[in-house]
Amino acid sequence: MAEKPVDSLSESEAEAELKRLAEEIAGHDRRYHAEDAPTITDAEYDALRRRNLAIEERFPGLVREDSPSRRVGAPPAEGFAKVRHAVPMLSLAKAYTDEDVTDFIERGRRFFDRDKDLDIAFTAEPKIDGLSASLRYENGVFVQGATRGDGAVGEDITANLRTIADIPAKLKGSGWPDVIEIRGEVYMTYAEFEALKARSAAAGGQDYVNPRNTAAGSLRQKDASVTASRNLKFFAYAWGFTTADPAPTQYESVQKFADWGFKISPLMVRAKSVEELVAQYHLIEEQRSSLGYDIDGVVYKVDQLELQRRWGFVTGEPRWAVAHKFPAEQAMTTVQKIDIQVGRTGTLAPVARLAPVTVGGVVVENVTLHNEDYIKGFDSNGLPIRDGIDVRIGDTVVIQRAGDVIPQIVSVVIDKRPADAVPYEFPHTCPVCGSPATREINEKTGKEDSRRRCTGELICAAQAVERLRHFVSRGALDIEGLGAENIDTFFNAGLIKTAADIFTLRDRRPAVTKALAERREEQARQREAASGKTRKNVRSVEDRNYEGLDKLFAAIDSRREPELDRFIFALGIRHIGETTAAVLAKTFSTIEELIRVGKETAAAEDPHTVFPSVNGIGDTVIDALCDFFGNERNDDVLDKLLEQVKPKPYIVTVSADSEVAGKTIVFTGTLEKMTRSEAKAMAERLGAKVAGSVSAKTDLLVAGPGAGSKLKLASELGVEVIDEDTWLQRVGKA
């Protein structure tokens, strides 16, 4: 469905849209910054943020406390100590055309218009596509390093950063401030990435997607020796907290970094005009493919530090800097075949297998074709894509790595289409289990779903494997050591068919050992065949012992009492994501109560009138719960699972006699003694309701530094306003 124009949104529609955007963007931030696994292009992500900002500008009273405009990146991942940045690590505004760059320059000239004789200079440098890091030096000695995280709080990765040769343990030369935080980008070269992939393939290890994600994952290793083996690089380009400016200008400051022992970009230049900046942009773009590492644009900054300070910041971004993004790189190749993969909810996902081609330094061999309509040349709304030209086996296609991450087909070269190429016939049966694959009809719109789904459910091996992979994944039970490869091995060996079987693997240790040994033996034979070398002194399968099994079994046992929301998410119920699972856990408190209500709802003539009214749970989720709990085949699977796993009840302790019980509270601005989530949880425990926007129903506004439109609106409405210290005194936490 096409998005409704911002100018046409009602206040209630805008509020709902801001909620949706906050959740969706937070999910993408987490996948990009914390999990190193983005699922949308940079352009699509930027479009979401622009829409969010446009709605906020039209409805300033609806700005949420968790708004994307108030944060950068994602909260730091678990497993590392947290580091609060003394100076936030902000994102940059984006420019996509030369006209956008002109607008940036003109905004600066208008801002400084009162200084007619002011000579504004700029810098231009490549935007490295890696992982941002902040390095704290005290008296010239490296004492702490952190990731960007959410911009305010990052992860302490000091030990890992010390393994990077480009990061000096002690600054060279002299003249550095007593304390300075050097900021820059950790990245991996194409050569090192390909070497790592080759080493991993030879050892039967994991595959790696691209240099950016691999560098980020390498930097987050708990074992610093793993990071050291990855030969990561670092470019310095900025600074955070410092007791003194390195120099009067951006350019001179970065040159100082080189004097102190850092690598800096040799392509950084000064410029005075739009023409000079754009010329450098195109020069860097021409050299992009020969640099040996990923860049995704050029960053322009006002050169004079005094002018940077005067121009300031807006909505989490510096006004004095902009990132001019490159268009996605493209290449031409051929479609060799089209395969169908089956997901955990039965979705038939077509994948084009391509003649290998290098795009942006990465070899691309596969690209998703999304669904039946996409192959035919139409989007989910029936509108033409690729000029309405379908994709056929044998076609020559133009592909690009959207956002330099996700490969996609952008066009079909129709003049090169083979004479014998025929339209692709999308299967109407599951390629794995043979069950019918149907396109569901949306009861409200009467339209067909764009995706075909296998109706085999539990009898479909492909769905079973994907459900098992989901069950142990990071957002679900997060069982360490039980990744996709081990799940596949145990499933193919007949050791696990449902999630309950995972918890009895310890009892079948000999069979588990045999399955692992046979897999590794097969991998070794494949390497032997590829290399032409013959192994010597090969142990039999029965003679092998895997000490890591004890660790795996312990990890499995540690998940026998999971949090309720994680367990609900792990069940893999369609349309139940992490956020919805948390709402269900909070609403029903125990898995037994959720099952009871789910079965009652599924058995009702009109389920939507039976299911309790819960904020955040709509008809789509209710229908999904009915499908799951109303399916008798799921009963046995769930019963056996609950014999092995006892989810913890979701407990919310609420004080009904506190001073704020029953009141509606809004938090705004920067909280200095607790995080916003901690403040929200505290208020809810005390019986208060926490809202995201100020209205006539608001009883109390807790305002920290930087409070803006909410504070103004609260004053106009006569809402009581207090600061953080007063709030803590009022609730007895000072």
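Positions of Cβ are set from backbone N, Cα and C atoms, glycine also.
The annotation active site, N6-AMP-lysine intermediate is assigned in Swiss-Prot to Lys127. Annotation comment: Swiss-Prot describes Asp42, Ala43, Glu44, Tyr45, Asp46, Ser91, Leu92, Glu125, Arg148, Glu185, Lys301, Lys325 as NAD(+) binding site. Among the features that Swiss-Prot reports, Zn(2+) binding site is placed at Cys430, Cys433, Cys454, Cys460, with the record citing sequence analysis. Among the features that Swiss-Prot reports, domain 'BRCT' is placed at 655-734.
Apart from the site residues Cys430, Cys433, Cys454, Cys460, the chain places the Cβ of Val342, Gly346, Thr429, Pro431, Val432, Gly434, Ser435, Ala437, Thr455, Gly456, Glu457, Ile459, Ala461, Ala462, Gln463 no farther than 8 Å from the centroid of the site's Cβ atoms, the recorded Zn(2+) location. Just so you know, of the binding-site residues Leu92, Cys430, Cys433, Cys454, Cys460, the Cβ with the fewest other Cβ atoms around it within 10 Å is the one at Leu92. Of Lys127, Cys430, Cys433, Cys454, Cys460, all annotated as recorded positions, the residue with the shortest Cα distance to Arg148 (NAD(+) binding site) is Lys127. Sequence-distant neighbours of Asp46 (NAD(+) binding site) (same chain, 6+ residues apart, CB-CB distance under 8 A): Lys94. The sparsest Cβ neighbourhood within 10 Å, among the listed recorded positions (Lys127, Lys301), is found at Lys127. In this structure, Glu44 is the one among the binding-site residues Glu44, Arg148 with the smallest number of other Cβ atoms inside 10 Å of its Cβ. In the three-state DSSP scheme, Asp46 (NAD(+) binding site) falls into the helix class. Note on proximity: among Lys127, Cys430, Cys433, Cys454, Cys460, the recorded positions of the record, the Cα nearest Lys301 (NAD(+) binding site) is that of Lys127. Cys460 (Zn(2+) binding site) falls outside any helix or strand according to DSSP and counts as coil. Taken as a whole, the domain 'BRCT' (655-734) shows an average pLDDT of 81 in this prediction. Cα spacing between Glu44 (NAD(+) binding site) and Lys127 (active site, N6-AMP-lysine intermediate): 19 Å, rounded to the nearest whole number. When DSSP labels each residue, the domain 'BRCT' (655-734) comes out as 26 helix, 14 strand, 40 coil, counted as helix, strand and coil in that order. Cys454 (Zn(2+) binding site) and Leu92 (NAD(+) binding site) have their C-alpha atoms 44 Å apart, to the nearest angstrom. The closest partner of the residue listed as 'active site, N6-AMP-lysine intermediate' among the binding-site residues, by CA position, is Leu92; the full candidate set was Leu92, Cys430, Cys433, Cys460.
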